[in-house]
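Worksheet: the structure to be examined is printed underneath.
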Amino acid sequence: MEDDAPVIYGLEFQARALTPQTAETDAIRFLVGTQSLKYDNQIHIIDFDDENNIINKNVLLHQAGEIWHISASPADRGVLATCYNRTSDSKVLTCAAVWRMPKELESGSHESPDDSSSTAQTLELLCHLDNTAHSNMACVVWEPMGDGKKIISLADNHILLWDLQESSSQAVLASSASLGGKGQLKFTSGRWSPHHNCTQVATANDTTLRGWDTRTMSQIYCIENAHGQLVRDLDFNPNKQYYLASCGDDCKVKFWDTRNVTEPVKTLEEHSHWVWNVRYNHSHDQLVLTGSSDSRVILSNMVSISSEPFGHLVDDDDISDQEDHRSEEKSKEPLQDNVIATYEEHEDSVYAVDWSSADPWLFASLSYDGRLVINRVPRALKYHILL
């Protein structure tokens with residue numbers, strides 16, 4: 001059973017921002033934001049045609065500045081948010097804004113990657129997440145499963161909850177909270193939990209993970225020294241409401257149960273440099289992706305702490321007598337955690353990895369040199385999980 005070869009797409013600029021087009025559940029589509037100091041920055045809309053194993057793309061101009069973070073609306077295929085750098089009075093500010101892509105590009109393109117004659121189109125600015133009080137936006141996170149009207153931005157040591165109004169043309173600050181404590185505390189990353197009616201957000205600052213209740217903007221849990229060095233990213237298990245994964249500059253990936261934060265449930269030490277990204281598969285939460293500046297992407301099978309620790313359980317009625325004994329033996333033993341595959345198509349730091357929102361077996365990774373790689377979960381494992 002041969003696995004499909006990875007598909008590679010090269011951007012002409014450096015890049016570190018990647019997101020699937022979250023509201024698109026039929027076509028495989030990713031958005032990539034570039035980081036260029038000399039030229040106008042771009043957002044590449046990458047369409048993957050999995051039948052023919054080819055990539056089609058469209059390019060949007062993002063003239064506001066180099067893109068540090070990109071996220072897509074969960075409700076509207078045409079709306080996205082970016083965090084970007086701009087200079088003001090010889091100071092660099094990281095701002096955030098919500099944009100709309102041209103209508104005809106929302107559902108993808110049929111242009112081949114080598115067609116360079118086409119002209120790039122521009123994004124329509126919907127609103128700035130006005131940051132006059134806060135100068136450094138780390139990321140913008142949309143309310144999962146929401147109507148695309150609620151977003152959170154992390155700026156310096158503040159969490160800002162925004163309501164988007166008037167077709168997203170206006171952002172109203174609904175509530176906020178800030179990190180207290182000594183020194184210049186600064187958020188590095190955050191995720192909005194899909195559980196608890198979407199009332200919880202987790203953030204990372206320095207080596208600490210914190211949970212927040214968005215109704216009161218108060219802290220609900222705190223994991224101090226979650227990592228030995230800076231925490232780079234975190235993600236919620238989509239099927240187990242108290243489970244959270246984090247990664248950081250100590251080269252580790254840790255899994256937490258937020259009801260008991262004294263120590264991690266599990267720790268992975270497979271990378272040899274900073275781990276920038278961790279992502280749970282949206283459907284099969286034992287599949288966990290990580291990307292690191294060791295230039296590798298690792299796919300792990302964390303089945304023992306997943307929602308199906310005994311594999312795919314079958315109803316008794318479906319089992320014939322001969323199979324009965326075999327499946328009984330199989331179901332007693334939890335399956336073992338292991339590294340499924342290490343992907344080495346990158347030659348530079350991998351700053352972003354993410355799963356497709358349309359195909360649970362497909363993911364993209366992005367390295368700083370502008371190389372986007374699309375890979376799939378090995379077929380043997382896919383069938384093992386499904387059957």
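Each residue, glycine too, has its Cβ placed from N, Cα and C.
Record features (Swiss-Prot):
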- 322-334: compositional bias 'Basic and acidic residues' (COMPBIAS)
- MET1: N-acetylmethionine (MOD_RES)
- SER320: phosphoserine (MOD_RES)
- 310-334: region 'Disordered' (REGION)
- 132-172: repeat 'WD 1' (REPEAT)
- 180-222: repeat 'WD 2' (REPEAT)
- 226-266: repeat 'WD 3' (REPEAT)
- 270-310: repeat 'WD 4' (REPEAT)
- 345-385: repeat 'WD 5' (REPEAT)
Residue distribution over DSSP helix, strand and coil in the repeat 'WD 3' (226-266): 0 helix, 19 strand, 22 coil
Residue distribution over DSSP helix, strand and coil in the repeat 'WD 5' (345-385): 7 helix, 18 strand, 16 coil
